[in-house]
Every structure is written in structure tokens, then in C-alpha cells.
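Below is one structure; the comments refer to it alone.
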Amino acid sequence: MSKIIAINAGSSSLKFQLFEMPSETVLTKGLVERIGLEDSIFTITVDGEKQKEITNIPDHAVAVNMLLKKLTENGIVKSLDEIGGIGHRVVHGGEKFADSVLITDEVLADIEELSDLAPLHNPANVVGIKAFQEVLPNVPAVAVFDTAFHQTMPESAFLYSLPYEYYEKFGIRKYGFHGTSHKYVTERAAELLGRPLESLSLLSCHLGNGASIAAVEGGKSIDTSMGFTPLAGVTMGTRSGNIDPALIPYIMEKTGQTVEEVVSVLNKKSGMLGLTGYSSDLRDIIAKEEEGDHRAKVALDVFVSRIHKYIGSYTARMKGVDAIIFTAGVGENSAIIRERVLEGLEYMGVYFDAKRNNVFGEEAFINFPHSPVKIIVIPTDEEVMIARDVLRLGNID
């Protein structure tokens, strides 16, 4: 049995989960927030109870030291020697990484080089990796990439209709994201269906504040809604999803904003927040719609219609689907959104059961037994996928 830590480092945060492997038992989990500020927050779960501490955590190295100290202080591990491996979520692996990989100096340099493709995320991921290297230099560490799962997409899916040299020189293409989540839920769907993954055509709907749809055929991603960046695809909490690119210079001309300012609006002030004017949270928006708010209704209609575009397109690409999967915050917990997405899809063999659909955050089939297309709610577990890859690649006993 080995203890493995799964790490997700943000620019001012560090999310962690400690597993006993291969049993996949969660020993503890927690979050360090507001790193670099005087009122940093350290939260850890010990024996089912959350412990919260507000203190000064100036950087990720201090956060890592504090985390490891808490593990020994609380008896979660007797000594740090029990930690057999560390798994780091890395947002962008470009074309270089089609699978998770053991971190070497060369790999770390490659991840840093890819930072121009994910300037908000990769630098923070690198900081997290280096912070653990300082404290646990001899423990195997593995990088698990959000983009890796989608590296099986064919050229017809990943190329943009731009001068081909842009792809050759600058790597401009669709990469796709949420890959670890899409991989987990499609593998789990095959288990629940009792069929080999290789025989299945699946639609994976990862619906959270960030959202993406993936077409997975034979266990391989053949297309996905996010693109060169996580800004593309369906309407999201604060992100616009796909728009006419000519809108960017038009908005600049009309508002006097710079390119960076317009892109910031598309990332942080658009989507459901932009359409409603008051919230990116679908729970708030659904409540407002029930009160008769027109913009809430329109925003929800837009959200669902954009998802339908991908369901229709990907069903055609795969010549039919065996199952539709709902995951992530909204997909797992919003029966209303699932119902609206599924309504009217009888033409493609989708028959959902409103009673069975009344589930929140748990695995469930929500289709009628006679439905040719199965509909499954599967809570995602990116952390366990990270831990599995550490076990697979780290030569851990």
C-alpha cells in the first residue's frame, strides 16, 4: 500500500488529496487559499472534521511545508517516508504530451515552455511542482495533463480553417480541456454499462462553471467543444464560448478597449453572467427564472441550445451514441438542466425518466429501461485519476 498526494496548484491556491493506493481510499483532503496574502486560509479534513486556519502563507513552498507538517501532526502519516508519489495536475501539455509523464528536469522545462499556451495556469502548476521538489526531492512526481486525453483527435477535428503554417509554426489548433474528467467518466460509464470501452460511442457533458462536451469513441476522444483555450465551445458561467471572431475588433472600436481587455471580458464577464447581468451561478438564475425574470430565461435557453449543438454534431460524427454522461457541478447536481438538455432528444433514442432524474451528486441511470441511449450521472473524480497515473508511472510498491 502506498500513499499518494494529488495536487492542483493555482496561482494563489493549492488543492490536495491524499490517497491510500491501490485501494483508492481518501485519507485526507484540503485546500490552501489566498497564498501570498496575509490572511491565507488553510483547510484540511481530519477524521471527517474540517480544520480551518487563517495565517500568513507567503508562497507555495510555505504552503507545501505546512501541508506536510499537518499530515504528520495529525497522524495521517507517521513520517513523510510513507508518501510514495505525488501527482500534479497540469493544464496544458500541448502536442508534446499525449499521456501523463514522470517529471524530470526536461519535462519541467517543457511544461514551462508551454506556458504561452496557458499563461494563467501552467506557471502556477510549475510553482506547485517546484515547491514539492524542494521538500520531497526523492519522491516520484507525475504530471497529469488536462489536454492529453484529447490528443487522439483527428486533424479534421483539431485543425482550424486558418493558414496551415499557423499550426506548423505556432501550434495553433484545438487542444481541448477537462480531459482527465472526460477520461474518468467514460471509463466509469463502460464499467456501469458492463461493456468494453472499445465498443462504445459516448457523449461526455462536463457542465460546471467551466463546461465542455466530448465525443469519445472506442475510449478515445475524437472531438471536444473547448479549443485552443478553455474559452471556446458552449456558453459557460463567465466565459462566452464560441463567438464570431470579427466581434473582437468591433467591440474594441465601439468601447475603446484593448485586445487584452476584450479577451478579459470574454473570459470573466460573459457567459451566464454577461447574459443575466447579475450571476454566473445557475442556481441563482433558475430561481430568478421562476420569479419571471426574462433575462434568466433567455440565458438558460442559450446555455441549453449551445449544448444541443454539440450533442447533435457529435452524434452525427459517431453515427449514433450508446450513452450520454452528465458530470461536474451542474451536470451532477442540476436535475432541471439535465431535463432541459434531454427534452426533445427522443428522435435520437433518448428517453429520460423524470423520477430517476431526481438525483444529486451520485451515480445513477436516469433513462427509462427501454431507452436505446442510456443516460448516466457520474460524479467526476479527477484526483483519483491523478493518483492512478502516479501508481502506474512511478514504479511505486
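Backbone N, Cα and C atoms are what each Cβ position is placed from, and that goes for glycine too.
Values in this document were obtained by computation on a predicted structure and should not be read as measured data.
Residues or ranges marked as Mg(2+) binding site in Swiss-Prot (evidence: sequence analysis): ASN8, GLU382. The ATP binding site feature in Swiss-Prot is assigned to LYS15, HIS206, LEU207, GLY208, ASN209, GLY210, ASP281, LEU282, ARG283, GLY329, VAL330, GLY331, GLU332, ASN333. Annotation source Swiss-Prot lists substrate binding site at ARG89, citing sequence analysis. According to Swiss-Prot, the active site, proton donor/acceptor annotation covers ASP146, on the basis of sequence analysis. Feature annotation from Swiss-Prot assigns site 'Transition state stabilizer' to HIS178, ARG239.
Distribution of Swiss-Prot features across the structure.
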{"residue": "ASN8", "record": "Mg(2+) binding site", "Cβ within 10 Å": "22"}
{"residue": "ARG89", "record": "substrate binding site", "Cβ within 10 Å": "22"}
{"residue": "ASP146", "record": "active site, proton donor/acceptor", "Cβ within 10 Å": "25"}
{"residue": "HIS178", "record": "site 'Transition state stabilizer'", "Cβ within 10 Å": "28"}
{"residue": "LEU207", "record": "ATP binding site", "Cβ within 10 Å": "25"}
{"residue": "ASN209", "record": "ATP binding site", "Cβ within 10 Å": "17"}
{"residue": "ASP281", "record": "ATP binding site", "Cβ within 10 Å": "16"}
{"residue": "ARG283", "record": "ATP binding site", "Cβ within 10 Å": "13"}
{"residue": "VAL330", "record": "ATP binding site", "Cβ within 10 Å": "23"}
{"residue": "GLU382", "record": "Mg(2+) binding site", "Cβ within 10 Å": "21"}
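When the Cα of ARG283 (ATP binding site) is compared against those of the recorded positions ASN8, ARG89, ARG239, GLU382, the shortest separation belongs to ARG239.
For the pair formed by LYS15 (ATP binding site) and ASN8 (Mg(2+) binding site), distance between Cα atoms is given as 5 Å, rounded to the nearest Å. ARG239 (site 'Transition state stabilizer') is surrounded by 26 other CB atoms, counting those within 10 A of its CB over all protein chains shown. Counting other C-beta atoms within 10 Å of each candidate's C-beta, the binding-site residues LYS15, GLU332 are led by GLU332. In this structure, ARG89 (substrate binding site) is part of a beta strand by DSSP. HIS178 (site 'Transition state stabilizer') has ASP146, GLU382 nearby among the recorded positions ASP146, ARG239, ASP281, GLU332, GLU382, counting only those with a Cα within 10 angstroms of its own Cα. Considering only the recorded positions ARG89, ARG239, GLU382, ASP281 (ATP binding site) has ARG239 as its nearest partner by CA-CA distance.
On a Cα basis, ASN209 (ATP binding site) lies 9 Å away from ARG239 (site 'Transition state stabilizer').
Closest in space to ASN8 (Mg(2+) binding site), of the binding-site residues given as ARG89, ASN209, VAL330, GLU332, is ARG89, taking the CA atom of each residue.
The two recorded residues, VAL330 (ATP binding site) and ASP146 (active site, proton donor/acceptor), have Cα atoms 20 Å apart. On the backbone, the CA of GLU382 (Mg(2+) binding site) and the CA of ARG89 (substrate binding site) stand 9 Å apart.
Counting in whole angstrom, ARG89 (substrate binding site) lies 7 from the residue listed as 'active site, proton donor/acceptor' by their C-alpha atoms. DSSP assigns VAL330 (ATP binding site) to a helix in the three-state reduction.
Cα spacing between the residue listed as 'active site, proton donor/acceptor' and ASN209 (ATP binding site): 16 Å, rounded to the nearest whole number.
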